[in-house]
Amino acid sequence: MGLFHPLEREVLSLKEVDLEKIQQAVRMIIEAIGDNPDRDGLLDTPKRVAKMYAEVFEGMRVNEEEFFETVFSEDHEEMVLVKDIPFYSMCEHHLVPFFGKAHVAYIPRGGRVVGLSKLARAVEAVARRPQLQERITSTVADAIVRKLDPHGVVVVVEAEHMCMTMRGVKKPGSKTVTSAVRGIFAHDAAARAEVFSLIRT
Ligand SMILES: Nc1nc2c(ncn2[C@@H]2O[C@H](COP(=O)(O)OP(=O)(O)OP(=O)(O)O)[C@@H](O)[C@H]2O)c(=O)[nH]1
Ligand SMILES: [Zn+2]
């Protein structure tokens, strides 16, 4: 099992989510906004929210590098791109959702090819933590670099942030695009242009 991205939490040290603590906190929030946590409609809400948080933050207990343990020895040293991987994450500043699509490309080296679904699983694991879009992007790219030592990696993430749409600056429809470019893609403009054009089409 590899090391975590330095910016990421020590997720493996966490055991189970403390559902009881989330329930208490949600009850307090309901009281603090001036509603009655004991009215019918809200009675089970703390329990539901606790269950939901356990689900949307389940990446806290998953090491994304695990998905790259099993490699197929396939003699393919050309680009592999899995695009339009949908993801949902929670912005660490406001704990509201941001969501969109991730595109992951790499050029395998030395026959280290992984199952396509593992790229999507890594995106999902990383997204299901309190996050920044930039950190999802670089964490996925760096995990692939560390585990597969490929010729190059590109991760592009495009997302809509609810903290920018339903509140605050209120700019619905605005999209944020982030990219992490590693290896050959960083210094070969033609390779980079190819992958970005494949992502766009
Ligand atoms: N870089 C980055 N910023 C984010 C992300 N998600 C949310 N933010 C921003 O985080 C910032 C937090 O700014 P603050 O001024 O501390 O908080 P705030 O008063 O709620 O800010 P506003 O959203 O402008 O109302 C905002 O500008 C958000 O748009 C992200 O994934 N990456
Ligand atoms: Zn936010």
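Backbone N, Cα and C atoms are what each Cβ position is placed from, and that goes for glycine too.
Nobody curates TrEMBL annotations by hand; they come from automatic prediction.
If you look up TrEMBL, you'll see 22-200 marked as domain 'GTP cyclohydrolase I'. The feature Zn(2+) binding site is assigned by TrEMBL to CYS91, HIS94, CYS163.
The average pLDDT computed over the domain 'GTP cyclohydrolase I' (22-200) stands at 97. Close to the recorded Zn(2+) site, the chain also has MET90, GLU92, HIS93, LEU95, VAL96, PHE98, HIS161, MET162, MET164, ARG167, GLY168: residues not among CYS91, HIS94, CYS163 whose Cβ is within 8 Å of the site's Cβ mean position. Within 10 Å of the C-beta of CYS91 (Zn(2+) binding site) we count 18 further C-beta atoms, all protein chains included.
When Cβ atoms from all protein chains are considered, those within 10 Å of HIS94 (Zn(2+) binding site) total 16, not counting its own. For CYS163 (Zn(2+) binding site), applying a Cβ distance below 8 Å and a minimum sequence separation of six or more within one chain yields CYS91, HIS93, HIS94, VAL96, PHE98. In the three-state DSSP classification, CYS91 (Zn(2+) binding site) falls within a strand. Secondary structure at CYS163 (Zn(2+) binding site), as computed by DSSP, is helix.
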